Amino acid sequence: MMARATSQCLLSLIYFTLLLSSSLLSATHEEENDNPITRFQRYLQINTAHPNPDYSSAISYLISQADSIGGILHKTLEFSPGKPLLLLTWPGSHSSLPSILLNSHLDSVPAESSKWTHPPFSAIRTSDGNIFARGAQDDKCIAMQYLEAIRNLRSNGFVPVRSIHISLVPDEEVGGFGGAAKFVESEEFQALNVGFALDEGQASVGDEFRVFYADRIPWNLKIKAKGQPGHGSKLYDNSAMENLMKSVEVVSKYRESQFDVVKAGKALNSEVVSVNPVYLKAGVPTQDGFAMNVQPSEAEAGFDLRLTPTTDPEEMKRRIAAEWAPSVRNVSFELVSINWVQTLEVLRYYSVFQGIFPIRPALLCQLVSINWYQITSDPGGYIFSSALFHLEDKAGLRQSLWFLGVQGCFGGTMGFYCFVWVLYMLYFGKCLRVNSQIFWSNRFTEMHGQSVKLGATAVLIFLRFRSGMAFSITEKGPIRDYLGRPLLTATNDSNPWWLVFKQAITSVGEKLSTPEILPSTTDARYLRQKGIPVLGFSPMRNTPILLHDHNEVKQLF
């Protein structure tokens, strides 16, 4: 009974969303000033384009819409200064169940007004029913569809079993670091107990709705070449421009190999690695342009590189270093979005232990698990810590290593975490996975090991560590979930949420295309990193894909 009611909640929500996607409920004359279409237009008229998005006005408007629906709780959060996030909640009858999260971003990309047929923030509706506005597809339409679906459900007396949340987040168009990335790490998010989420997808040019189970991973690549400067008339080997052109040629061949797979129909565009040049920088500038008789000593090219969720990032880095930007050709590269995150607390412990333990760097394929034991000794009552590392190398060989320390020496629990981190760094020269979390189980177990007396008891603690507790690498957001798996949402019978979603589409006589990887990148990655199943779904069909383009339009039939 509960499962059926839960399914009905999501089914009903998606049903009304689909209904609104095709018609936005044609307005009668009496409703002309307040109907789904005019409400959508008013939202589009709020300029939330970068670099100065008007978040305040957008949030005020959305709160007014939630209040007009009734029964919707709202809370404004701010995890980065000047970047508010609006959280709306429709409480369910069994709010202890995992909830449903509907995500949409407030911001949009800039618009060049001179290139538009109609002003980009006028939200003009033409005689053929089209609304032209920045954000019409990406993705203000989704936020309004969520709200209008709930409006209709409430007017029909529907009460959801699970709580339904709508998160309206800032900064998605610039990476989401000031919005969704911080939101999913917050206590407020944890309290939502999210079991499933919908986020943006893309329009469909055909009759079928599109759905996305993963995003590609964005890297920003700079390749810089150096060479001997000289007169423009001189011929010599390995000039900066020549070295850069060789790199561009190699990258272009790789791009062609990936594109050939798409052209042959063996994969979709989003299922291969894409790499596209986005800028070139070279030459000696003058007041009128560039010195045409001087060969520069440096030349640089930038590339937008998108990895599939299953691409091995380490292998890609090796390819870049060995083939695209080999140092032997006086070429270097920089992955602009890779940042080293340091924690002073960890560095303090690192400096202490560096002088005590021998450093034995090694390439570790996989850390199977860490067991951390707290032991209270019989004499003196000292509390010891023993960290047991279970390791597996590339050949599948496993080994275990013990480390023992006294709690009082390391500053309490946080000191122990740092202690374990430091030992790992010292012995293996490598970090644990990024954005993982600390948790433990309150199970008691007998200790086994030469350092523990017979009969001693201990709390077995399984540790997974938070980002920022040690040196960490992030490629412009997470690339694996907290268990180290690719950021994918299952679209088969193993995922009950997928089955309900698919049923919702077919139950109203609509068709769903084969699930895809989204060519671009959305905030869904931050949710998937937490292990939450997320589907990207923008219910627009028979619609040209014009997000980020001039004359972005939402077709209303």
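Quick reminder: no glycine exception, Cβ is built from N, Cα and C everywhere.
Automated prediction, rather than curation, is the source of TrEMBL annotations.
Feature list (source: TrEMBL):
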{"type": "SIGNAL", "residues": "1-21", "note": "signal peptide"}
{"type": "BINDING", "residues": "His105, Asp138, Glu200", "note": "Zn(2+) 1 binding site"}
{"type": "ACT_SITE", "residues": "Asp107", "note": "active site"}
{"type": "BINDING", "residues": "Asp138, Glu173, His548", "note": "Zn(2+) 2 binding site"}
{"type": "ACT_SITE", "residues": "Glu172", "note": "active site, proton acceptor"}
{"type": "DOMAIN", "residues": "221-322", "note": "domain 'Peptidase M20 dimerisation'"}
{"type": "TRANSMEM", "residues": "401-427", "note": "transmembrane segment"}
Within the domain 'Peptidase M20 dimerisation' (221-322), residues counted as helix, strand or coil by DSSP: 37 helix, 33 strand, 32 coil
His105 (Zn(2+) 1 binding site) CB neighbourhood, other CB atoms within 10 A: 28
DSSP-derived class (H/G/I helix, E/B strand, else coil) of His548 (Zn(2+) 2 binding site): coil
Sorted by sequence, non-His105, Asp138, Glu200 residues with Cβ within 8 Å of centre, Zn(2+) 1: Ser104, Ser108, Asp139, Lys140, Ile142, Glu172, Glu173, Asp199, Thr522, Ser538, Leu547
Recorded positions: Asp107, Asp138, Glu172, Glu173, Glu200 - member with fewest neighbouring CB atoms within 10 Å: Glu173
Other CB atoms within 10 A, centred on His548 (Zn(2+) 2 binding site): 15
Residues close to Zn(2+) 2 site centre defined by Asp138, Glu173, His548, Cβ within 8 Å: Ser108, Val109, Gly135, Asp139, Leu547
Rounded inter-Cα distance in Å - Glu172 (active site, proton acceptor), His548 (Zn(2+) 2 binding site): 13
Spatial separation of Asp107 (active site) from His548 (Zn(2+) 2 binding site) - C-alpha basis, Å: 12
Alpha-carbon spacing, Asp138 (Zn(2+) 1 binding site) to Glu173 (Zn(2+) 2 binding site), which is rounded to whole Å: 10
Cα-Cα distance linking Glu173 (Zn(2+) 2 binding site) and Asp107 (active site), given in Å to the nearest integer: 7
Cα separation, Glu173 (Zn(2+) 2 binding site) to His105 (Zn(2+) 1 binding site) (Å, whole number): 8
Rounded inter-Cα distance in Å - Glu173 (Zn(2+) 2 binding site), Glu200 (Zn(2+) 1 binding site): 12
